[in-house]
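Data block below; observations after.
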Amino acid sequence: MKISVIGTGYVGLVTGVVFAHLGHNVICMDKNEEKIEKLKNGIMPIYEPGLEEMANKSYREGRLFYTTSIKDAVEKSEIIFIAVDTMPKKNWQTDLSSVKKVAADIGRYINGYKIVVNKSTVPVGTGDLVGKIIKKNMKKKFHFDIVSNPEFLREGQAIYDTLQPDRIIIGSESVEAAMKIVELYQGMNSVIKITKLKSAELIKYASNSFLGMKISFINSIADLAEITGSDVTEIAEGMGLDKRIGREFLNAGIGYGGSCFPKDIGSLIYTAKSLGYDFGILKEVKKVNDKRVKRFVERIKKVTKLTNRKVGILGLSFKPNTDDIREAPSLKLIELLLKDKAKLKVYDPVAMENVKKVLKNKVEYSKDLYNCVDGTDLVILVTEWDVFKNADLKRIKDGMKGDLFFDGRNVYDPQIMKSLGFRYFSVGR
Ligand code: UDX
(Lines of atoms letter the chains of each structure in order from A and count residues from 1; the text may use other names and numbers.)
(Lines give C-alpha, C1' and ligand atoms only; values in the text may rest on other atoms or scores of the structure.)
Protein backbone atom coordinates (compact mmCIF):
# COMPACT_ATOMS: atom_id res chain seq x y z
CA MET A 1 0.00 0.00 0.00
CA LYS A 2 1.12 3.57 -0.60
CA ILE A 3 1.65 5.33 2.66
CA SER A 4 3.06 8.65 3.72
CA VAL A 5 4.10 9.62 7.21
CA ILE A 6 4.17 13.32 8.01
CA GLY A 7 6.79 14.10 10.66
CA THR A 8 10.00 12.13 11.24
CA GLY A 9 10.17 12.45 15.00
CA TYR A 10 10.38 9.36 17.19
CA VAL A 11 6.94 8.03 16.36
CA GLY A 12 6.84 9.10 12.69
CA LEU A 13 10.24 7.77 11.70
CA VAL A 14 9.85 4.43 13.48
CA THR A 15 6.34 3.99 12.05
CA GLY A 16 7.51 4.73 8.50
CA VAL A 17 10.56 2.51 8.77
CA VAL A 18 8.57 -0.42 10.16
CA PHE A 19 5.85 -0.15 7.47
CA ALA A 20 8.57 -0.11 4.78
CA HIS A 21 10.14 -3.17 6.47
CA LEU A 22 6.73 -4.90 6.19
CA GLY A 23 6.84 -4.33 2.43
CA HIS A 24 4.76 -1.17 1.97
CA ASN A 25 5.83 1.84 -0.08
CA VAL A 26 6.48 4.62 2.40
CA ILE A 27 7.22 8.30 2.00
CA CYS A 28 8.58 9.92 5.18
CA MET A 29 8.05 13.66 5.05
CA ASP A 30 9.55 16.33 7.28
CA LYS A 31 9.78 20.09 6.81
CA ASN A 32 13.30 20.04 8.31
CA GLU A 33 15.61 19.93 5.26
CA GLU A 34 18.75 19.08 7.21
CA LYS A 35 17.04 16.10 8.82
CA ILE A 36 15.78 14.77 5.48
CA GLU A 37 19.20 15.23 3.88
CA LYS A 38 20.82 13.28 6.73
CA LEU A 39 18.23 10.51 6.48
CA LYS A 40 18.93 10.20 2.74
CA ASN A 41 22.59 9.74 3.71
CA GLY A 42 21.70 7.04 6.22
CA ILE A 43 22.12 9.18 9.35
CA MET A 44 19.33 8.81 11.92
CA PRO A 45 18.26 11.86 13.96
CA ILE A 46 17.67 9.73 17.07
CA TYR A 47 19.42 6.89 18.85
CA GLU A 48 17.25 3.78 18.69
CA PRO A 49 18.61 0.21 18.58
CA GLY A 50 18.04 -1.42 15.17
CA LEU A 51 16.52 1.64 13.48
CA GLU A 52 19.46 2.64 11.30
CA GLU A 53 19.98 -0.81 9.75
CA MET A 54 16.27 -1.28 9.08
CA ALA A 55 15.81 2.21 7.57
CA ASN A 56 18.85 2.04 5.34
CA LYS A 57 17.99 -1.43 4.02
CA SER A 58 14.48 -0.32 2.93
CA TYR A 59 15.90 2.91 1.49
CA ARG A 60 18.45 0.99 -0.58
CA GLU A 61 15.79 -1.44 -1.75
CA GLY A 62 13.51 1.41 -2.87
CA ARG A 63 10.57 1.02 -0.51
CA LEU A 64 11.37 4.01 1.69
CA PHE A 65 11.56 7.59 0.45
CA TYR A 66 12.35 10.85 2.21
CA THR A 67 11.02 14.24 1.18
CA THR A 68 10.43 17.77 2.44
CA SER A 69 7.42 18.22 0.14
CA ILE A 70 4.09 17.64 1.85
CA LYS A 71 2.41 18.13 -1.54
CA ASP A 72 4.29 15.13 -2.89
CA ALA A 73 3.58 13.05 0.18
CA VAL A 74 -0.18 13.78 0.05
CA GLU A 75 -0.59 13.34 -3.69
CA LYS A 76 1.34 10.08 -3.94
CA SER A 77 -0.30 8.16 -1.10
CA GLU A 78 -3.69 6.81 -0.16
CA ILE A 79 -3.00 6.54 3.54
CA ILE A 80 -1.51 9.55 5.31
CA PHE A 81 -0.23 9.23 8.86
CA ILE A 82 0.05 12.42 10.89
CA ALA A 83 2.94 12.02 13.31
CA VAL A 84 3.99 15.59 14.02
CA ASP A 85 4.92 17.08 17.37
CA THR A 86 2.20 17.79 19.93
CA MET A 87 4.16 19.66 22.56
CA PRO A 88 2.47 20.81 25.73
CA LYS A 89 1.98 24.48 26.48
CA LYS A 90 2.95 25.82 29.95
CA ASN A 91 -0.50 24.86 31.35
CA TRP A 92 -0.16 21.34 29.82
CA GLN A 93 -2.74 22.07 27.13
CA THR A 94 -1.62 20.22 23.99
CA ASP A 95 -0.32 22.55 21.30
CA LEU A 96 -2.10 21.37 18.17
CA SER A 97 -0.65 23.98 15.80
CA SER A 98 1.53 21.46 13.88
CA VAL A 99 -1.38 19.00 13.52
CA LYS A 100 -3.68 21.80 12.30
CA LYS A 101 -1.11 22.95 9.77
CA VAL A 102 -0.69 19.45 8.36
CA ALA A 103 -4.49 19.05 8.18
CA ALA A 104 -4.73 22.30 6.19
CA ASP A 105 -1.99 21.09 3.81
CA ILE A 106 -3.73 17.75 3.33
CA GLY A 107 -6.91 19.68 2.41
CA ARG A 108 -4.94 21.87 0.01
CA TYR A 109 -3.22 19.00 -1.85
CA ILE A 110 -5.80 16.24 -1.65
CA ASN A 111 -6.27 14.71 -5.11
CA GLY A 112 -8.44 11.65 -4.47
CA TYR A 113 -9.76 9.38 -1.71
CA LYS A 114 -7.45 9.39 1.37
CA ILE A 115 -7.44 7.86 4.79
CA VAL A 116 -5.95 10.31 7.26
CA VAL A 117 -4.59 8.56 10.33
CA ASN A 118 -3.64 10.33 13.53
CA LYS A 119 -0.56 8.74 15.11
CA SER A 120 0.39 11.76 17.19
CA THR A 121 -0.96 11.67 20.71
CA VAL A 122 -3.78 14.18 20.53
CA PRO A 123 -6.66 15.06 22.86
CA VAL A 124 -10.04 13.46 22.33
CA GLY A 125 -11.93 15.32 19.60
CA THR A 126 -8.85 16.12 17.48
CA GLY A 127 -9.90 13.64 14.76
CA ASP A 128 -13.09 15.63 14.20
CA LEU A 129 -11.12 18.87 14.17
CA VAL A 130 -8.66 17.50 11.57
CA GLY A 131 -11.63 16.47 9.38
CA LYS A 132 -13.13 19.96 9.57
CA ILE A 133 -9.81 21.65 8.67
CA ILE A 134 -9.25 19.33 5.68
CA LYS A 135 -12.76 20.09 4.37
CA LYS A 136 -12.31 23.82 4.83
CA ASN A 137 -9.08 23.85 2.80
CA MET A 138 -10.21 21.62 -0.09
CA LYS A 139 -10.33 23.34 -3.47
CA LYS A 140 -12.23 20.46 -5.06
CA LYS A 141 -14.42 18.01 -3.17
CA PHE A 142 -12.84 14.61 -2.43
CA HIS A 143 -13.93 11.90 -0.04
CA PHE A 144 -11.68 11.07 2.92
CA ASP A 145 -11.90 9.22 6.24
CA ILE A 146 -10.31 9.91 9.59
CA VAL A 147 -8.74 7.19 11.75
CA SER A 148 -7.05 7.31 15.13
CA ASN A 149 -4.26 4.73 15.47
CA PRO A 150 -2.32 5.59 18.64
CA GLU A 151 1.28 4.53 19.10
CA PHE A 152 2.38 2.70 22.23
CA LEU A 153 6.11 2.27 21.51
CA ARG A 154 8.66 2.77 24.25
CA GLU A 155 11.88 4.60 23.54
CA GLY A 156 14.86 2.28 23.49
CA GLN A 157 12.76 -0.62 22.22
CA ALA A 158 10.72 1.22 19.63
CA ILE A 159 11.33 -1.23 16.77
CA TYR A 160 10.43 -4.24 18.89
CA ASP A 161 7.30 -2.54 20.26
CA THR A 162 6.16 -1.45 16.81
CA LEU A 163 6.66 -4.90 15.30
CA GLN A 164 5.18 -6.76 18.25
CA PRO A 165 2.72 -4.49 19.99
CA ASP A 166 0.45 -5.87 22.73
CA ARG A 167 -2.44 -4.43 20.76
CA ILE A 168 -3.22 -2.33 17.73
CA ILE A 169 -6.00 0.19 18.28
CA ILE A 170 -7.88 1.46 15.24
CA GLY A 171 -10.58 4.03 15.89
CA SER A 172 -12.84 5.23 13.10
CA GLU A 173 -16.44 5.96 12.25
CA SER A 174 -15.86 4.31 8.86
CA VAL A 175 -15.68 0.50 8.84
CA GLU A 176 -14.09 0.50 5.37
CA ALA A 177 -11.29 2.82 6.45
CA ALA A 178 -10.70 0.80 9.63
CA MET A 179 -10.46 -2.42 7.57
CA LYS A 180 -7.89 -0.83 5.23
CA ILE A 181 -5.71 -0.01 8.23
CA VAL A 182 -6.18 -3.57 9.52
CA GLU A 183 -4.80 -4.76 6.16
CA LEU A 184 -1.78 -2.54 6.64
CA TYR A 185 -0.87 -4.42 9.79
CA GLN A 186 -1.25 -7.84 8.21
CA GLY A 187 1.60 -10.14 9.11
CA MET A 188 1.82 -8.85 12.66
CA ASN A 189 0.90 -11.22 15.40
CA SER A 190 -1.09 -8.79 17.56
CA VAL A 191 -4.61 -8.30 18.78
CA ILE A 192 -6.40 -5.66 16.71
CA LYS A 193 -9.20 -3.72 18.36
CA ILE A 194 -11.50 -1.53 16.30
CA THR A 195 -13.19 1.23 18.27
CA LYS A 196 -15.00 4.52 17.91
CA LEU A 197 -12.71 7.37 16.83
CA LYS A 198 -13.00 9.12 20.19
CA SER A 199 -12.41 5.94 22.19
CA ALA A 200 -9.11 5.32 20.38
CA GLU A 201 -8.04 8.88 21.13
CA LEU A 202 -8.67 8.32 24.83
CA ILE A 203 -7.15 4.82 25.05
CA LYS A 204 -3.64 6.21 24.64
CA TYR A 205 -4.05 8.82 27.39
CA ALA A 206 -5.82 6.37 29.69
CA SER A 207 -3.04 3.78 29.24
CA ASN A 208 -0.14 6.15 29.88
CA SER A 209 -1.94 7.73 32.83
CA PHE A 210 -2.62 4.32 34.34
CA LEU A 211 1.05 3.34 34.03
CA GLY A 212 2.05 6.66 35.59
CA MET A 213 -0.40 5.94 38.38
CA LYS A 214 1.26 2.55 39.00
CA ILE A 215 4.64 4.29 39.31
CA SER A 216 3.41 7.04 41.64
CA PHE A 217 1.58 4.43 43.68
CA ILE A 218 4.66 2.25 44.20
CA ASN A 219 6.74 5.37 44.90
CA SER A 220 4.29 6.28 47.67
CA ILE A 221 4.53 2.74 49.03
CA ALA A 222 8.33 3.18 48.91
CA ASP A 223 8.03 6.26 51.14
CA LEU A 224 5.95 4.26 53.57
CA ALA A 225 8.41 1.36 53.39
CA GLU A 226 11.20 3.73 54.44
CA ILE A 227 9.19 4.80 57.48
CA THR A 228 8.17 1.26 58.44
CA GLY A 229 11.47 -0.48 57.64
CA SER A 230 9.98 -2.73 54.95
CA ASP A 231 11.40 -3.33 51.46
CA VAL A 232 9.50 -1.92 48.48
CA THR A 233 11.05 -4.46 46.07
CA GLU A 234 9.62 -7.32 48.09
CA ILE A 235 6.29 -5.54 48.29
CA ALA A 236 6.22 -5.02 44.51
CA GLU A 237 7.07 -8.67 43.94
CA GLY A 238 4.36 -9.79 46.36
CA MET A 239 1.82 -7.51 44.70
CA GLY A 240 2.93 -8.44 41.20
CA LEU A 241 2.21 -12.13 41.76
CA ASP A 242 -1.46 -11.19 41.67
CA LYS A 243 -2.26 -11.54 37.96
CA ARG A 244 -4.76 -8.71 38.21
CA ILE A 245 -1.98 -6.33 39.27
CA GLY A 246 1.15 -7.60 37.47
CA ARG A 247 4.79 -6.87 38.36
CA GLU A 248 5.52 -4.41 35.55
CA PHE A 249 5.78 -0.66 36.22
CA LEU A 250 6.08 -1.26 39.94
CA ASN A 251 9.74 -0.25 40.17
CA ALA A 252 10.12 2.47 42.76
CA GLY A 253 12.63 5.21 42.07
CA ILE A 254 13.34 8.84 41.51
CA GLY A 255 10.21 9.30 39.36
CA TYR A 256 9.02 9.00 35.79
CA GLY A 257 10.21 11.34 33.04
CA GLY A 258 10.41 11.32 29.26
CA SER A 259 8.42 12.83 26.48
CA CYS A 260 5.21 10.90 27.16
CA PHE A 261 4.13 10.33 30.75
CA PRO A 262 4.53 13.91 32.04
CA LYS A 263 2.98 15.35 28.87
CA ASP A 264 0.09 12.91 28.55
CA ILE A 265 -0.84 12.97 32.22
CA GLY A 266 -0.74 16.78 32.25
CA SER A 267 -2.78 16.90 29.07
CA LEU A 268 -5.46 14.52 30.32
CA ILE A 269 -5.85 16.54 33.52
CA TYR A 270 -6.20 19.66 31.36
CA THR A 271 -8.68 18.10 28.91
CA ALA A 272 -10.81 16.71 31.73
CA LYS A 273 -10.87 20.11 33.43
CA SER A 274 -11.83 21.88 30.21
CA LEU A 275 -14.75 19.43 29.91
CA GLY A 276 -15.85 20.18 33.48
CA TYR A 277 -14.41 17.02 35.07
CA ASP A 278 -12.01 17.22 38.00
CA PHE A 279 -9.59 14.27 37.55
CA GLY A 280 -8.45 14.27 41.19
CA ILE A 281 -6.67 10.90 41.19
CA LEU A 282 -4.50 11.91 38.24
CA LYS A 283 -3.63 15.26 39.81
CA GLU A 284 -2.25 13.32 42.77
CA VAL A 285 -0.23 11.03 40.46
CA LYS A 286 1.43 14.14 39.02
CA LYS A 287 1.93 15.71 42.44
CA VAL A 288 3.68 12.61 43.80
CA ASN A 289 5.99 12.52 40.76
CA ASP A 290 6.73 16.25 40.86
CA LYS A 291 8.00 15.90 44.45
CA ARG A 292 10.15 12.82 43.80
CA VAL A 293 13.53 14.38 43.07
CA LYS A 294 13.21 16.99 45.81
CA ARG A 295 12.41 14.28 48.33
CA PHE A 296 15.48 12.29 47.19
CA VAL A 297 17.74 15.33 47.66
CA GLU A 298 16.27 15.98 51.12
CA ARG A 299 17.11 12.41 52.00
CA ILE A 300 20.71 12.91 50.86
CA LYS A 301 20.94 16.10 52.90
CA LYS A 302 19.90 14.24 56.04
CA VAL A 303 23.07 12.16 55.65
CA THR A 304 25.58 14.68 54.33
CA LYS A 305 26.02 18.35 53.53
CA LEU A 306 26.43 19.16 49.86
CA THR A 307 28.35 22.45 49.78
CA ASN A 308 31.67 21.89 47.98
CA ARG A 309 31.17 18.11 48.04
CA LYS A 310 32.28 16.28 44.90
CA VAL A 311 29.32 14.31 43.55
CA GLY A 312 29.41 11.74 40.74
CA ILE A 313 26.15 11.37 38.83
CA LEU A 314 25.62 8.13 36.93
CA GLY A 315 22.98 8.27 34.20
CA LEU A 316 21.38 11.34 32.62
CA SER A 317 18.80 10.06 30.10
CA PHE A 318 15.26 9.71 31.49
CA LYS A 319 15.63 5.91 31.25
CA PRO A 320 18.20 3.45 29.85
CA ASN A 321 18.78 2.76 26.12
CA THR A 322 17.91 6.24 24.92
CA ASP A 323 19.68 9.58 24.59
CA ASP A 324 16.45 11.40 25.42
CA ILE A 325 16.71 13.84 28.32
CA ARG A 326 13.24 15.38 28.08
CA GLU A 327 11.76 15.75 31.58
CA ALA A 328 14.67 13.64 32.84
CA PRO A 329 14.87 13.42 36.66
CA SER A 330 18.66 13.88 36.32
CA LEU A 331 18.25 17.49 35.17
CA LYS A 332 15.99 18.40 38.09
CA LEU A 333 18.42 16.68 40.45
CA ILE A 334 21.43 18.52 39.02
CA GLU A 335 19.62 21.86 39.36
CA LEU A 336 18.93 21.21 43.06
CA LEU A 337 22.47 19.97 43.77
CA LEU A 338 23.98 23.02 42.07
CA LYS A 339 21.78 25.27 44.23
CA ASP A 340 23.37 23.57 47.22
CA LYS A 341 26.80 24.33 45.72
CA ALA A 342 27.85 20.74 45.14
CA LYS A 343 30.62 20.10 42.57
CA LEU A 344 29.27 17.74 39.94
CA LYS A 345 30.83 15.16 37.64
CA VAL A 346 28.39 13.43 35.30
CA TYR A 347 28.41 10.43 32.97
CA ASP A 348 25.92 8.77 30.64
CA PRO A 349 26.68 6.19 27.92
CA VAL A 350 24.77 8.07 25.17
CA ALA A 351 23.07 11.24 26.46
CA MET A 352 26.20 13.32 27.15
CA GLU A 353 25.98 15.41 23.97
CA ASN A 354 22.35 16.34 24.65
CA VAL A 355 23.15 17.27 28.24
CA LYS A 356 26.13 19.42 27.21
CA LYS A 357 23.78 21.56 25.12
CA VAL A 358 21.64 22.26 28.20
CA LEU A 359 24.11 22.39 31.08
CA LYS A 360 27.14 23.79 29.22
CA ASN A 361 30.02 24.20 31.69
CA LYS A 362 27.98 23.98 34.89
CA VAL A 363 29.20 20.41 35.46
CA GLU A 364 32.28 18.32 34.65
CA TYR A 365 31.76 15.69 31.93
CA SER A 366 33.44 12.33 32.51
CA LYS A 367 34.71 10.01 29.82
CA ASP A 368 33.44 6.85 31.51
CA LEU A 369 31.78 5.52 34.63
CA TYR A 370 34.98 5.07 36.66
CA ASN A 371 36.32 8.47 35.70
CA CYS A 372 33.01 9.91 36.94
CA VAL A 373 33.21 8.36 40.42
CA ASP A 374 36.98 8.79 41.01
CA GLY A 375 37.74 11.25 43.79
CA THR A 376 34.07 11.87 44.68
CA ASP A 377 32.59 12.20 48.16
CA LEU A 378 29.33 10.63 47.07
CA VAL A 379 27.82 8.96 44.03
CA ILE A 380 24.20 9.15 42.86
CA LEU A 381 22.77 6.67 40.37
CA VAL A 382 19.88 8.14 38.39
CA THR A 383 19.46 5.89 35.33
CA GLU A 384 19.75 2.10 35.45
CA TRP A 385 21.97 1.51 32.40
CA ASP A 386 23.36 -2.04 32.07
CA VAL A 387 26.90 -0.69 32.23
CA PHE A 388 26.16 0.52 35.78
CA LYS A 389 24.37 -2.68 36.75
CA ASN A 390 27.43 -4.70 35.67
CA ALA A 391 30.00 -2.27 37.06
CA ASP A 392 33.00 -3.33 39.13
CA LEU A 393 31.69 -2.06 42.46
CA LYS A 394 34.99 -2.58 44.26
CA ARG A 395 36.69 -0.43 41.62
CA ILE A 396 34.05 2.28 42.22
CA LYS A 397 34.60 2.16 45.97
CA ASP A 398 38.40 2.20 45.65
CA GLY A 399 38.29 5.23 43.36
CA MET A 400 35.97 7.30 45.55
CA LYS A 401 37.19 9.63 48.28
CA GLY A 402 34.06 9.03 50.32
CA ASP A 403 31.79 6.04 50.88
CA LEU A 404 28.28 7.35 50.23
CA PHE A 405 26.23 5.82 47.44
CA PHE A 406 22.66 6.94 46.71
CA ASP A 407 20.86 4.64 44.31
CA GLY A 408 17.76 6.23 42.74
CA ARG A 409 16.77 3.04 40.89
CA ASN A 410 17.40 0.21 43.40
CA VAL A 411 19.99 -1.41 41.15
CA TYR A 412 22.29 -3.02 43.73
CA ASP A 413 21.94 -5.51 46.55
CA PRO A 414 22.18 -3.56 49.85
CA GLN A 415 24.06 -6.43 51.56
CA ILE A 416 26.75 -6.53 48.86
CA MET A 417 27.12 -2.75 48.93
CA LYS A 418 27.51 -2.84 52.70
CA SER A 419 30.10 -5.61 52.53
CA LEU A 420 32.13 -3.53 50.08
CA GLY A 421 32.22 -0.69 52.59
CA PHE A 422 29.66 1.67 51.07
CA ARG A 423 27.15 3.59 53.10
CA TYR A 424 24.38 2.69 50.66
CA PHE A 425 20.95 4.31 50.38
CA SER A 426 18.28 3.27 47.88
CA VAL A 427 14.54 3.93 47.47
CA GLY A 428 12.04 2.29 49.82
CA ARG A 429 14.45 -0.34 51.13
C1 UDX B 1 5.87 5.34 27.55
C2 UDX B 1 4.92 4.15 27.38
O3 UDX B 1 5.45 3.00 28.03
C4 UDX B 1 4.66 3.86 25.91
O5 UDX B 1 3.69 2.84 25.76
C6 UDX B 1 4.17 5.15 25.24
O7 UDX B 1 3.99 4.95 23.85
C8 UDX B 1 5.12 6.31 25.47
O9 UDX B 1 5.35 6.47 26.88
P10 UDX B 1 8.53 5.74 27.37
O11 UDX B 1 8.25 7.14 27.80
O12 UDX B 1 9.43 5.50 26.21
O13 UDX B 1 7.14 4.98 27.00
O14 UDX B 1 9.18 4.97 28.60
P15 UDX B 1 8.74 3.90 29.70
O16 UDX B 1 9.60 2.71 29.55
O17 UDX B 1 7.29 3.67 29.73
O18 UDX B 1 9.18 4.67 31.03
C19 UDX B 1 8.63 5.94 31.39
C20 UDX B 1 9.22 6.46 32.67
O21 UDX B 1 8.74 5.71 33.78
C22 UDX B 1 10.75 6.39 32.75
O23 UDX B 1 11.23 7.59 33.33
C24 UDX B 1 11.02 5.21 33.67
O25 UDX B 1 12.24 5.34 34.37
C26 UDX B 1 9.82 5.32 34.61
N27 UDX B 1 9.47 4.03 35.24
C28 UDX B 1 9.03 2.99 34.49
C29 UDX B 1 9.57 3.89 36.63
O30 UDX B 1 9.95 4.82 37.35
N31 UDX B 1 9.20 2.70 37.19
C32 UDX B 1 8.74 1.64 36.45
O33 UDX B 1 8.43 0.60 37.05
C34 UDX B 1 8.66 1.79 35.06
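Every residue gets a Cβ built from N, Cα and C, even glycine.
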**Q.** Of Lys214, Lys263, Lys389, Lys394, residue recorded by TrEMBL at the NAD(+) site of Asp30, Lys35, Thr86, Thr121, Glu155, Arg326
**A.** Lys263
Q) Phe152, Leu153, Arg154, Glu155, Lys204, Phe249, Leu250, Asn251, Ala252, Gly253, Gly257 bind substrate in TrEMBL, but which of Lys90, Lys310, Lys319 does that record place at the same site? A) Lys319
Q. Quick one: which of the recorded positions (Asp30, Thr86, Glu155, Gly257, Cys260, Lys263) have their CB closer than 6 Å to ligand 1?
A. Glu155, Gly257, Cys260
(Q) Given the binding-site residues Phe152, Arg154, Lys204, Ala252, Gly257, find the one whose Cα is closest in space to the Cα of Thr121 (NAD(+) binding site). (A) Lys204
Q: Filter the binding-site residues Asp30, Lys35, Arg154, Leu250, Ala252, Arg326 down to the ones within 10 angstroms of Cys260 (active site, nucleophile), Cα to Cα, kept in sequence order.
A: Arg154, Arg326
(Q) For the NAD(+) binding site, please report the maximum Cα-Cα distance among Asp30, Lys35, Thr86, Thr121, Glu155, Lys263, Arg326 in Å. (A) 25
Q) Under a three-state reduction of DSSP output, how is Thr86 (NAD(+) binding site) classified: helix, strand, or coil? A) coil
Q) 10 Å Cβ neighbour count around Asp30 (NAD(+) binding site)? A) 24
Q: Would you mind checking how many other C-beta atoms are within 10 angstroms of the C-beta on Glu155 (NAD(+) binding site)?
A: 23
